[in-house]
Amino acid sequence: MASSTSISLLLFVSFLLLLVNLRADNASSGSDLDEELAFLAAEESKEQSHGGSYHEEHDQYRDFENYEDLEHGGGEFHHGEHGGGGYEEEPLPTVDEKDVAVLTKDNFTEFVGNNSFAMVEFYAPWCGACQALAPEYAAAATELKGVAALAKIDATEEGDLAQKYEIQGFPTVFLFVDGEMRKTYEGERTKDGIVTWLKKKASPSIHNITTTEEAERVLSAEPKVVLGFLNSLVGSESEELAAASRLEDDLSFYQTASPDIAKLFEIETQVKRPALVLLKKEEEKLARFDGNFTKTAIAEFVSANKVPLVINFTREGASLIFENSVKNQLILFAKANETEKHLPTLREVAKSFKGKFVFVYVQMDNEDYGEAVSGFFGVTGTAPKVLVYTGNEDMRKFILDGELTAKNIKTLAEDFLADKLKPFYKSDPLPETNDGDVKIIVGNNFDEIVLDESKDVLLEIYAPWCGYCQSFEPIYNKLGKYLKGIDSLVVAKMDGTSNEHPRAKADGFPTILFFPAGNKSFDPITVDVDRTVVELYKFLKKHASIPFKLEKPATPEPVISTKKADEKIEGDSAKDEL
């Protein structure tokens, strides 16, 4: 029994000693961090440096999508307020919102699915523009009863829905048609503006043609038109065509039951009904529908065939590219004098890949956009090139290595669809020297430095033209200076306009990413703290896989001056001058 008691006592004493040591270590660690942060704060206070969570949009290619916004100041609703204010708010007027539905993730899908036309506002309670809109929106909801349903979502509470629909500003207002999101409302923030816009959208979107005179007028006036040749102008076939027509805003839908009228639209009179064609005043004039006569199949056919076989990248053509439901793009880069040689080849290939790619032509020597778009894709030199681009979600590019023949371009497209291609990423040349406090990362040394499993790596992705990046540079350089003696930690930066890597995705400039040591197979951590040396240092202390301690510069010994020493220096100086 005594032996057992002794052992128990010994274990208890050992436990107490371990606990005391752990507490001492923790206290020491906390004390060290406090001391390090105090030192950094004192160093920062010597200079007036301002950090912040700022981003400048960086996607030069996609910038061309919003030419109308650039000309007219942007859509008011989409580019509204982005944050709360620190002012004292005045009491808000009471608004009667009895006809505005309140949506959450639980009833959202049911609401937009049960209403043919549903307008949905994403708002934030603190947003002044949303508050100003509220009475107009409520009045519009009352007037539009029976025509369209209006609803609102508190985006600060329903984060999953806000993320799904990529809400960037408040208020953002969408139109849903038959449960599918179709348009962002960018009209006037008034009751009349909303009512007029929605009534136009909800009006009949399919028109009957009953005479040859009407048919000839439509064919003459319309640049592109869809005609359904049906057994009857009412019933299920007409309803499917009408439902498909509501999904398209930029072309007109018609229907007829007359064989004579169908013939004018190049439909054989003996064809099995229902039949459908799309006519365009372009090189490819006619497309015939051969699928099941359903809303979805018709809409997919129209989407794939309404655009030109090859879209010229221009101010007018940009929306046809970016707003297309097909995201994969096959792009020809060529100078104006090479156009006639290569465009016919591209058009021929495009016929075989409708609905799978948007085919685009970029004139490299166009002074308005040629250089910017070519630079975005890393296309250099003057020789024509063809590449596949996956759109702005993952931004992968695959360049054709070989002659621009129809066979080679077709093989490129087929190999991309079969996932047989290796993506191309832009890279600056490797730096001649890379021994500064902040390491230089380019596409071709990214794996070697950033993905080194033995190092914790902090990476800033910046743009040379970005004002926020320029303001942040001295702060980041200072952080690099303080941490340069820590072997396990790398502070690095990469020019995101001329370098790419699949592990370095930037939502804007600057973007700061952290790659923990021993964990490089996972996505990096986005650094979302105030851009000060102290806050970045605190982030690193918390997230670094390998513990480290700040190595403060040695304090120089004070120089003790005496009168004799001063006299001696003065004497020596006088001697030198002589």
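From the backbone N, Cα and C atoms, a Cβ is placed for every residue, glycine too.
Per TrEMBL, the features are:
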{"type": "COMPBIAS", "residues": "72-82", "note": "compositional bias 'Basic and acidic residues'"}
{"type": "COMPBIAS", "residues": "563-578", "note": "compositional bias 'Basic and acidic residues'"}
{"type": "DISULFID", "residues": "Cys127-Cys130", "note": "disulfide bond"}
{"type": "DISULFID", "residues": "Cys466-Cys469", "note": "disulfide bond"}
{"type": "DOMAIN", "residues": "81-203", "note": "domain 'Thioredoxin'"}
{"type": "DOMAIN", "residues": "415-545", "note": "domain 'Thioredoxin'"}
{"type": "REGION", "residues": "72-92", "note": "region 'Disordered'"}
{"type": "REGION", "residues": "557-578", "note": "region 'Disordered'"}
{"type": "SIGNAL", "residues": "1-24", "note": "signal peptide"}
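Its Cβ placed at the centre, Cys127 (disulfide bond) has 21 other Cβ atoms within 10 Å.
Over the domain 'Thioredoxin' (415-545) the predicted model carries a mean pLDDT of 94.
Set side by side, the disulfide-bonded residues Cys130, Cys466 differ in how many other CB atoms lie within 10 angstroms of their CB, and the most is found at Cys130.
Note: the Cα of Cys127 (disulfide bond) and the Cα of Cys466 (disulfide bond) are spaced 27 Å from each other. Cys469 (disulfide bond): 23 other CB atoms within 10 A of its CB, across all protein chains.
For the pair Cys130 (disulfide bond) and Cys469 (disulfide bond), the Cα-Cα distance reads 31 Å.
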